[in-house]
Amino acid sequence: MAYMCADSGNLMAIAQQVIQQQQQQQQQQQRHHHHHHLPPPPPPQSMAPHHHQQKHHHHHQQMPAMPQAPPSSHGQIPGQLAYGGGAAWPAGEHFFADAFGASAGDAVFSDLAAAADFDSDGWMESLIGDAPFQDSDLERLIFTTPPPPVPSPPPTHAAATATATAATAAPRPEAAPALLPQPAAATPVACSSPSPSSADASCSAPILQSLLSCSRAAATDPGLAAAELASVRAAATDAGDPSERLAFYFADALSRRLACGTGAPPSAEPDARFASDELTLCYKTLNDACPYSKFAHLTANQAILEATGAATKIHIVDFGIVQGIQWAALLQALATRPEGKPTRIRITGVPSPLLGPQPAASLAATNTRLRDFAKLLGVDFEFVPLLRPVHELNKSDFLVEPDEAVAVNFMLQLYHLLGDSDELVRRVLRLAKSLSPAVVTLGEYEVSLNRAGFVDRFANALSYYRSLFESLDVAMTRDSPERVRVERWMFGERIQRAVGPEEGADRTERMAGSSEWQTLMEWCGFEPVPLSNYARSQADLLLWNYDSKYKYSLVELPPAFLSLAWEKRPLLTVSAWR
């Protein structure tokens, strides 16, 4: 089985746990030498299921049963994956087992001993204080520029007095609170898009119904919309219940849209770098409080592990790699699989377009982290960055060898390529198809914000973010400054991009639901690969680490999508294709 790490983003934490396991084994052997018989030592405390949250209550229900792992293509049971929840199910009888077993041998432990000289705290701090924000996986979730001051939308003459009075009392986004240290966490979040009518029903709070009314009036009667919006802004607050907080950020975005619609000058853009560390800590807070990213990485990695079977050479093509956080657990699982570790693992990294025109330095740091970690595992590893824009790449750039098992990964990445035309998405998918992959893993937000008109898009986004705000409200206290930061600098920015003033080519928050992705994937020649019962059960076990009142569940969407849902509303969807 692969070793469990409570923080799947911290590569060195995994290695340190393995060293701890080795030390316990050595102590056990010494005791056995002197006493001939001793019971096995307990698992390390770091292996125990745990979840760092501001509010946490343990489950009292029975732990979900785990089925037998599905056989690989070579007739053997695939390796065991790690996830950030802090627990794992081995293929054998015991809940906790030897991390490497006989197949790994003592040579692996001798390699891992070098981790004692590796400063894991320094590595984590480097992600916060040294590298620019855009050089991390956070760019997949957060817009780097903080919101500028909100211009008040000019109302009609009849509404001028009411608007001015309410605008004076209405709260405005303020500077982020001071940095607080956060527990380390894994990585990406996401969503499902109901019809406009069901979206209206799910946003039944009066303040949200008023927002929906404002959005409908925005195009036809901006003055009326401004007057109604003033009342909403007076009642909304970023410190209230989920509906009040949601209204706070949506009213802000709609206010900007109305202002720009009347020809108001754009606000000056502040320095995009100033909130880098703040956003990094927000990202960690969210992933410590909610299982979104853990679910996505766990499920995609399990599909890759099963599809590659006992292949001796494995080539992963990651469209959108930055830190490579997703691959720590998979490298661990491949290094400890029953069939033996691969003779070579190669990752080809295509940088996200949001890394900017010069991603080389960021990817070099990613290369170093992954290479050093693979060395600790005793794995022959190669990282190859492709620095040309994705639309300029062709099959020959990937240097696929005939005896390699290829896996292509799109983790919260393809939606960046959506636009008024799907041509760029289709081009990239056809490129992936040309590599003859054993599997293509796709993780996307489950909400329709691409082709929908503004009113429907506003309703879809409001319903989606309502679920996110509620899930965070259960995980963190109302007075938590960390919660305020996450909602302001992560969710607030994305709301701004989805329903703010930008339209056409300037609108960058273009997500699509699973049915739209199914159409695109099948058009490009892919067919769905059902996720195994084992992958489903691992995801169930991940959710078991969260309190039952969190109301998380797994929802299967046809033909082969698995979604993480809040109160049965899908938020993040993962699928596999070939």
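Even glycines carry a Cβ here, placed using N, Cα and C.
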Looking at 314-318, 559-563, 574-578, which one is motif 'VHIID' according to Swiss-Prot? 314-318
114-118, 224-228, 329-333, 414-418 - the range that Swiss-Prot marks as motif 'LXXLL motif': 414-418
What counts of helix, strand and coil residues does DSSP assign across the region 'SAW' (500-578)? 28 helix, 23 strand, 28 coil
